[in-house]
Ligand SMILES: O=C(CO)[C@H](O)COP(=O)(O)O
């Protein structure tokens, strides 16, 4: 943790569940939200409006998992940042490795989306992280630094933008980097951002490892995938971030 930075625990629900599942999960998270920690849930687009309406005035923020760089236009299947804001989202995840891999997203494209998000009044959460091959080649710090430099637009830090370090090989695999490796990357991220920037770790965060990971220097929260689909697990991770 970084003294003076309130932790953020964000759940990325990815492409899971029905609308009924989403509403029940959101309600369970709301009911158990601990004090002293900011909570964010990011449902699939089609569930976002209902979940955001249910969380209005509650201590759980709601975010999108992506947005388009344009404010409107002929972009079939895409969603604009202003549309996310309009239905009650406050955050948006950008540049997740699954989108970089599945949709060919580049640092420049992520930067353009982040500009749109900031313009719409959303807080962007930009994901960076190396592949296993890059880590084994000793390139992890350089890869992450290049992604940060390429993906963060001007005004990102002033707008309270968040950076999430998610090593690609740790996502959904049950494998996590060593605590020293996480701390080393987060020190690089701190040097490239600001003393007030929230830096999240993501990749197989579970109740069992949350306390240790969240206790590392410059780790100001977590971006949680699989464990965020189980309210008790997500809340246990949030509890590990609390005072
Ligand atoms: O979804 C994640 C948070 O963005 C990230 O991919 C980690 O997933 P997990 O390994 O299932 O927690």
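Every residue, even glycine, has its Cβ placed from backbone N, Cα and C.
Copied from TrEMBL, the annotated features are:
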BINDING   12, 13, 14, 172, 204, 225, 226  substrate binding site
ACT_SITE  96  active site, electrophile
ACT_SITE  166  active site, proton acceptor
Binding-site residues listed as 172, 225, 226, least Cβ neighbours within 10 Å: 172
Residue 166 (active site, proton acceptor) and residue 172 (substrate binding site), distance between Cα atoms, whole Å: 11
Distance check against the residue listed as 'active site, electrophile' for the binding-site residues 13, 204, 225, 226, keeping those with Cα within 10 Å: none
Rounded Cα-Cα span from the residue listed as 'active site, proton acceptor' to residue 225 (substrate binding site), Å: 11
Distance-selected binding-site residues near ligand 1 (C-beta under 6 Å), from 13, 172, 204: 172, 204
DSSP-derived class (H/G/I helix, E/B strand, else coil) of residue 226 (substrate binding site): helix
Count of other CB atoms lying within 10 Å of the CB belonging to residue 166 (active site, proton acceptor): 26
Binding-site residues: 12, 204 - member with fewest neighbouring CB atoms within 10 Å: 204
